[in-house]
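Asker: Straight from TrEMBL, here's the annotation block:
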{"type": "TRANSMEM", "residues": "20-42", "note": "transmembrane segment"}
{"type": "TRANSMEM", "residues": "54-74", "note": "transmembrane segment"}
{"type": "TRANSMEM", "residues": "108-128", "note": "transmembrane segment"}
{"type": "TRANSMEM", "residues": "135-152", "note": "transmembrane segment"}
{"type": "TRANSMEM", "residues": "158-174", "note": "transmembrane segment"}
{"type": "TRANSMEM", "residues": "181-204", "note": "transmembrane segment"}
{"type": "TRANSMEM", "residues": "224-242", "note": "transmembrane segment"}
{"type": "REGION", "residues": "269-288", "note": "region 'Disordered'"}
{"type": "COMPBIAS", "residues": "272-288", "note": "compositional bias 'Polar residues'"}
{"type": "DOMAIN", "residues": "406-506", "note": "domain '1,3-beta-glucan synthase component FKS1-like'"}
{"type": "TRANSMEM", "residues": "558-576", "note": "transmembrane segment"}
{"type": "TRANSMEM", "residues": "588-609", "note": "transmembrane segment"}
{"type": "TRANSMEM", "residues": "621-643", "note": "transmembrane segment"}
{"type": "TRANSMEM", "residues": "663-681", "note": "transmembrane segment"}
Amino acid sequence: MAVVVSLMRSWATLTSNEIYISSLIATAMPYLRIVVALIILWSMSGITKPRMMTAYLSGINVAFYTWVYLGPMFHGAATLPMEGSSSSWSNSGNVVGHTRREVEGTQVALVLMSFFALCVGCALGSLLPRPFSGLNAGLGLTLLVTCFVPALEEWFVVAGPAIGLVCAIFAGRFNSILALLLSNIVTLGGLVYVTAIPKALLYLQTVALSYNPSGPAVQLDPHYLSLAWVVTCALTAGAIVYRDQAILRNFQGYSSIDGSVAGLTSDDETFKPNTSTTPKPVYTQPTPKNADSFNMFNPANLPPRLSEYANMVYSACEDLGNFFGFQDSSVRNQAEHLLILLSNNRRYMNSHILPPALQPPSPIHALHAKVFSNYMKWCRYQGVSPNFSKLSPTSSGGMTAPPNVASRVVDLVLFFCVWGEACNIRHMPECLWFLYHKMMEEYALGGESQRSLYAGHYLDFVVTPIVNILSANMKSKVDHVNKRNYDDFNEFFWSRDCLQYRYSVDDPSERDIEDFAGVTAPMPGEGCKPITEGMLAAPKTFLEKRSWLRGVMAMSRIVEWHIVTFYLLSVLAFSHDLVWGWVYTLKVASGVFWLFNSLAICWGLLEVWSSYPGIHLSGTAIFGSVFVLVARFLILVYQTLYLTWTFGPGKGSYLGIEADATFWWWQYVWLSLLCMTPYILESLTNLFPVVTTMLFTSRNDYIQTFLNILFPIR
């Protein structure tokens, strides 16, 4: 008896402690919500990177509307009747009255979909910051106005996206900073509002759905809740201005989202060296050598194998050296270099090496084809015609060879003279092709003008400025995340943007002796900028973020294999121990399609996180990534709905369709096969590696667009 009394006293003591703790939590919860809301307000109002801020706000908006509009669908599948009402979600017209376990399952599914929506929204806001800043502002302002005008609630489903689309177009074409600030104020204010006030989220759901999802049992005060949102928006605006007062001073003059005005910083933190793009000449004319001095072969007494092409080579060297201002000693070195290479290529004229049908017309043709093979690929990639010399019989510069042979000699001499003085630029082969392309273009236009620049002009105005930029970046002490190396700069010359710059920092209009008064000179900003400015502004093309997620990405296929096989083996184990029928086992095992799609979304999100905006992406790659993420997320939503309804009651009405669980399972299967299409295509290409190589190396626009959709960032 004493033991029973002692246990009853212990139970009573435990119950009183629980009651005390519950009352304490209930008393402290409002203050805790306010503290958390203030922390969110202070931390997010200090974000000055436009792309990052837009990503966060886009994720919040997408997660909110996913929660709002998917809630009735999920809760319609399994909802417990509320006290005092015949059923909840009565306006949805769905099935009610299921077990508590089914209700908990649908709640988990809804939370999971909202989390995926949050991540996908962040990725979309990062990929397309301009339109999504306007979309966030438009949706937020429309919802705020609807709170004060209840008559507009039924039209919010149409008016919200329409106004958001208009604001997105406005932000993309005109003033993105205005859209970004409005988005910050309204969306961040709404987040603070929902965090601080208990019934705020339910009230916003009611406004967006035009009915109370919790039924008449929960009463809401619309006037108080609407004014509370306005107050939090005012507090958010004050916090943003207080954290960064430069926004007000520069608001009217700031119309872009690139962080070019104080108040917002650019997302690009790449090191920009303080290097002059137009340095002063530093070349010093060396002491003239003895006229009889030479390297390996005396030009006046060349071996027979070298003297055959000496006249053409020396004539081209003299002409090009004067036209571009190459150093005399470098020109002599490259002349000898070219003669030796031509002598070596005479072996292709031997029938023991190549049959007569495959022999080139001359060693010059053979060397020209070999040297400029990569240049032809570069021009094909850029979509431009290659620039080669086209000498006529009257403009061969004293050469006795046919024009097609003399033209190839000029091409070879120019390239080797460019290469000979390139210094560390030789680590960037596409940069060398850019220099050759632009210089030959200039020579073709003015080669007959007999221009003569001092020896060392090319070194002063072409090589030195580029090398200064390379040296400043390579010697920088910043982390590799913000430092560009040779590969990063060389990638800039793979883009067509480089073609809009001139190769030299020397302004050609300043050397125009025919227009010494500047009468026909271009206006400021009309001429081509020097290539050094393009290199300074070029983005870093590869950015590897340090994180353990890098390991997950590298092992993504192995991780995916383990998750999928673990799920299938678990289904088999439960089916054996719980004695499931084969039909039910098959339905449970079909959840592997949901896993495949959700994992594909995770890999896509990780690719966006790891690669963007550090890697410069083309427009098709960006929109391909957006398309893949949106399409897979929508498929995942309906997969989750169909799978939830599959394990619901035997028969019910969803989406206005009255059908049994088997019908919804087949809808899930057909939809799952659609999202498995990329896996099937990738498996087929792996069976035939030659086809994979042909697809990924093809320059066909349709094939590349298709690959950008399936594999946008890879």
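From the backbone N, Cα and C atoms, a Cβ is placed for every residue, glycine too.
Mind mapping these onto the model and telling me what they sit next to?
Answerer: If you look at the transmembrane segment (20-42), the same-chain residues 6 or more away from its ends with a CB under 8 A from one of its CBs are 188, 191-193, 195-198, 232, 235-236, 239.
Same-chain neighbours of the transmembrane segment (54-74): 44, 47, 89, 91-92, 94, 106-107, 109-110, 113-115, 117-126, 129, 132-133, 135-136, 139-140, 180, 183-184, 187-188, 190-191, 204-205, 208-209, 213, 257, 637, 641, 644, 654-655, counting only residues six or more beyond its ends whose CB sits under 8 Å from a CB of the stretch.
Residues 51-52, 54-63, 65-67, 70-71, 74-75, 136, 598, 601, 604-605, 608-609, 612-613, 622, 625-626, 629-630, 633, 636-637, 640, 644 of the same chain sit 6 or more residues outside the transmembrane segment (108-128) yet have a Cβ under 8 Å from a Cβ within it.
Beyond the transmembrane segment (158-174), the same-chain residues lying 6 or more positions past its ends with a Cβ under 8 Å from any Cβ of the stretch are 130-139, 141-143, 146, 152, 180, 208, 255.
Counting same-chain residues at least six beyond the ends of the transmembrane segment (181-204), those with a Cβ under 8 angstroms from any Cβ of the stretch are 30, 33-34, 36-38, 40-41, 44-45, 53-54, 57, 60-61, 64, 68, 133-134, 136-137, 140-141, 143-144, 147, 212-214, 218, 220, 222, 225, 228-229, 232-237, 240, 247, 251.
Distant neighbours of the transmembrane segment (224-242): 37, 41-42, 45, 144, 147-148, 181, 184-186, 188-190, 192-193, 196-197, 199-200, 203, 248; these residues of the same chain sit at least 6 beyond its ends, with a Cβ under 8 Å from one of its Cβ atoms.
Using a Cβ-Cβ cut-off under 8 Å and counting only residues 6 or more beyond its ends in the same chain, the transmembrane segment (588-609) has close neighbours at 116, 119-120, 123, 126-127, 545, 549, 552-553, 556, 560, 563-564, 567-568, 571, 574-575, 580, 625, 628-629, 632-633, 635-636, 639-640, 643, 665, 668-669, 672-673, 675-676, 678-679, 712-714.
Nonlocal intrachain contacts for the transmembrane segment (621-643), taken as residues 6+ away from its ends with a CB within less than 8 angstroms of a stretch CB, comprise 66, 70, 73-74, 77, 109, 112-113, 116-117, 120, 123-124, 127-128, 590-591, 593-594, 597-598, 600-601, 604-605, 607-608, 612, 654, 664-665, 667-668, 671-672, 674-675, 705, 708-710, 712-713.
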Asker: With a Cβ cut-off under 8 Å, give me the same-chain residues at least six positions beyond the ends of the transmembrane segment (135-152) that come close to it.
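Answerer: For the transmembrane segment (135-152), the nonlocal Cβ contacts are 54, 57-58, 61, 65, 125, 159-161, 163-168, 171, 179-180, 182-183, 186-187, 190, 203-204, 207-208, 222, 225-226, 229-230, 233.
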Asker: Counting only residues 6+ away from its ends, which parts of the chain sit with a Cβ under 8 Å from the transmembrane segment (558-576)?
Answerer: 552, 584-585, 588-589, 591-592, 595-596, 599
Asker: Sort the residues of the domain '1,3-beta-glucan synthase component FKS1-like' (406-506) into helix, strand and coil with DSSP and give the three counts.
Answerer: 71 helix, 1 strand, 29 coil
Asker: Express the predicted model's confidence over the domain '1,3-beta-glucan synthase component FKS1-like' (406-506) as a mean pLDDT, rounded to an integer.
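Answerer: The answer is 86, the mean pLDDT of the model over that range.
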